Amino acid sequence: MNSSCKTRVFNIISIIMVSMLILSLGAFANNNKAKADSHSKQLEINVKSDKVPQKVKDLAQQQFAGYAKALDKQSNAKTGKYELGEAFKIYKFNGEEDNSYYYPVIKDGKIVYTLTLSPKNKDDLNKSKEDMNYSVKISNFIAKDLDQIKDKNSNITVLTDEKGFYFEEDGKVRLVKATPLANNIKEKESAKTVSPQLKQELKTTVTPTKVEENEAIQEDQVQYENTLKNFKIREQQFDNSWCAGFSMAALLNATKNTDTYNAHDIMRTLYPEVSEQDLPNCATFPNQMIEYGKSQGRDIHYQEGVPSYNQVDQLTKDNVGIMILAQSVSQNPNDPHLGHALAVVGNAKINDQEKLIYWNPWDTELSIQDADSSLLHLSFNRDYNWYGSMIGY
């Protein structure tokens, strides 16, 4: 081949190689742009500080997938690929924060649960964040609300007061979960505003927490689950004081395998002379809980403290219902939910650790938390001490 031909071939090869390089660089740039665009659309939640105690991080990573699988099983949902978002905090409008950390749990790209790490027992409330023992809980708390705005490039602050939980975005405050109080109006928009101090702290302290997927080891972490065979959630408490009525109805429906019980009818039986208008304000006392259970053929007795994991396991196998009696740690006499009742649904072993499954009448799904925790961090930013149980429903 003469030199001119060699030169021509070399030039052609050079042109082809340069073209391929340009195309590959373009594809690389477009790919990076797509990733950046996708990343920019992630929901961001404002926090004062992104510093999370290492024990909280470790517990969340170790526990979230097993908890999610166990809760999926309770709702007969298919398991999937579980991932953990970043921790966020919830603030009062004056800037105070609560003592818990919240993680969005993501399954197949959708926020399905919220993992909550809160003080384990009453003594932990007085300890520092680093020294505190934490209880792990999973529920659907505000998960659907977060998922609805997950891909809308939103930047929010999660707030709370006695009426419920709110999302603040661009100066607008929106109620997403209302407290079950009598005469509480479910206002979608609120005139409340974030305090200037909190605004400044959120603005200057750190970058927001991103609700994004983090890879985690996926293992079969649920070793055992045992629940009341026929337990179903049929109703939800909102604008009344009937937590014990809801809990008794749910437990009796489960253990008798029926759907004849409901909270209203139980409260009407307990308060036959009270008007319908005043009935929502009526609460239930321990002697009424025992007497109503007996009237339905159940031998109810009160037991102090939290029942052991083994006791819950055996009672659940025997189709015997347990009602939780809890009291607000704050002891605020003006709190309409100073006392609260919940239904134990069963127990589980996740990562070789003992858990209890329960239903809070304020919620539409079950919750799971550590069996050795006497504190219940419930949906409306309240810590309750589990002081006793009614057994036998």
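The backbone N, Cα and C atoms fix where each Cβ goes, and this holds for glycine too.
Among the features that Swiss-Prot reports, signal peptide is placed at 1-36.
According to Swiss-Prot, the feature active site maps to CYS243 (among others). Taking the Cβ of CYS243 (active site) as centre and 10 Å as the limit, one finds 26 other Cβ atoms among all the protein chains shown.
For HIS340 (active site), the Cβ neighbour count at a 10 Å cut-off comes to 23, with all displayed protein chains included. The active site annotation in Swiss-Prot covers HIS340 (among others).
If you look up Swiss-Prot, you'll see ASN360 (among others) marked as active site, on the strength of experimental evidence. The number of other Cβ atoms within 10 Å of the Cβ belonging to ASN360 (active site), over all protein chains shown, comes to 28.
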Distance [Cα-Cα, Å, rounded] between ASN360 (active site) and CYS243 (active site):
8
Round to the nearest Å and give the CA-to-CA distance linking HIS340 (active site) with CYS243 (active site).
6
